[in-house]
Amino acid sequence: MSAVLTAGGGLTAGDRSIITAINTGASSLSFVGSAFIVLCYCLFKELRKFSFKLVFYLALSDMLCSFFLIVGDPSKGFICYAQGYTTHFFCVASFLWTTTIAFTLHRTVVKHKTDVEDLEAMFHLYVWGTSLVVTVIRSFGNNHSHLGPWCWTQTGLKGKAVHFLTFYAPLWGAILYNGFTYFQVIRMLRNARRMAVGMSDRVDQFDNRAELKVLNRWGYYPLILIGSWAFGTINRIHDFIEPGHKIFWLSVLDVGTAALMGLFNSIAYGFNSSVRRAIHERLELFLPERLYRWLPSNFRPKNHLILHQQQQQRSEMVSLKTEDQQ
């Protein structure tokens, strides 16, 4: 038991089992969500535009990060080391891809540039190159020990410091960059919208609702990284202050929210109107008519929704005529 407590930083074997189960379950959800976006990109040609290509790379990084979080086993040396390096590499790549999406949106909307597709090679060099560099630097502080269910975290003071500098420092740099960038984009669009309202007497309410929905969606993007890694950052700082004492509930929140990052990204970035439209069109082609009624309204093909509404209107008219005759 003493060996378990030492390796787990004060956690019991039961605590470690619970955290491991949470990590596996949350990582599996992220893997499925990210794999779904990757599959949609591969199957639907209409999604292979530059903007969604960046989302594809983000989902691919999340998928591989989630996969290695699942397969890591602290009881097996080689697999443990492999998980530590690959998880670090792909998790860093994931939040770096979010900065390229923010940069692309800012360059297009705020600076009115149309050359973003020419920057794809630079994006790859920036994301994969930076991820490789910080992963190699992290190996210098690797003391070949693990903490809890993850082979990714370190127990030694030097390992903790290097881990913080090579992951959490660039992570919060990306969060600050994304937040500032989306703030500028949203402010730019809102100012343009006010000018449009001032120049016209009538504004399409439907367009307004759609624009506000998009603006609100962009505002949530930086919150995904904050929600995924805030508890992990607090836990790492706590490890510095009290290295021999682990807080169980904080470890649960750390592992659970971090492992769900891929799922959050797949929903926010990937499951957009273009993806839903592509799915609707395939459902309309292959799904039998009798199964439409069992689908939620937002998943039904558009033509079927129109037909369903027309049928409802006709049935209401028939019932009204019947009442009038009576």
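Along the chain as shown, residues are numbered 1 onward.
Cβ atoms are placed via backbone N, Cα and C, with glycine included.
As annotated by Swiss-Prot, topological domain 'Extracellular' applies to 2-23, 73-84, 142-160, 235-246, with the evidence given as sequence analysis. Residues or ranges marked as N-acetylserine by Swiss-Prot on the basis of a large-scale study or a structure entry: Ser2. The transmembrane segment annotation in Swiss-Prot covers 24-44, 52-72, 85-105, 121-141, 161-181, 214-234, 247-267, and the record cites sequence analysis as its basis. The feature topological domain 'Cytoplasmic' is assigned by Swiss-Prot to 45-51, 106-120, 182-213, 268-326. Annotation source Swiss-Prot lists disulfide bond at Cys80-Cys151. Annotation comment: Swiss-Prot describes Asn143 as N-linked glycosylation site.
Mean pLDDT, taken over the topological domain 'Cytoplasmic' (45-51), works out to 87 on the 0 to 100 scale. Ranked by Cβ pairs under 8 Å to the transmembrane segment (24-44), the stretches 85-105, 121-141, 161-181, 247-267 are led by 247-267. The transmembrane segment (247-267) shares the most Cβ pairs under 8 Å with 85-105, out of the stretches 85-105, 121-141, 161-181. A sphere of 10 angstroms centred on the C-beta of Cys80 (disulfide bond) encloses 18 other C-beta atoms. Reduced to three states, the DSSP call for Cys80 (disulfide bond) is helix. If you look at the transmembrane segment (121-141), the same-chain residues 6 or more away from its ends with a CB under 8 A from one of its CBs are 54, 57, 85, 88-90, 92-93, 96-97, 100, 154, 156, 158-159, 161-163, 165-167, 170. Sequence-distant contacts of the topological domain 'Cytoplasmic' (106-120) (same chain, at least 6 residues past either end, Cβ-Cβ under 8 Å): 50, 53, 181, 184-185, 188-189. Taken residue by residue, the topological domain 'Cytoplasmic' (106-120) breaks down under DSSP into 9 helix, 0 strand, 6 coil.
The DSSP breakdown of the topological domain 'Cytoplasmic' (45-51), given as helix, strand and coil counts, is 5 helix, 0 strand, 2 coil.
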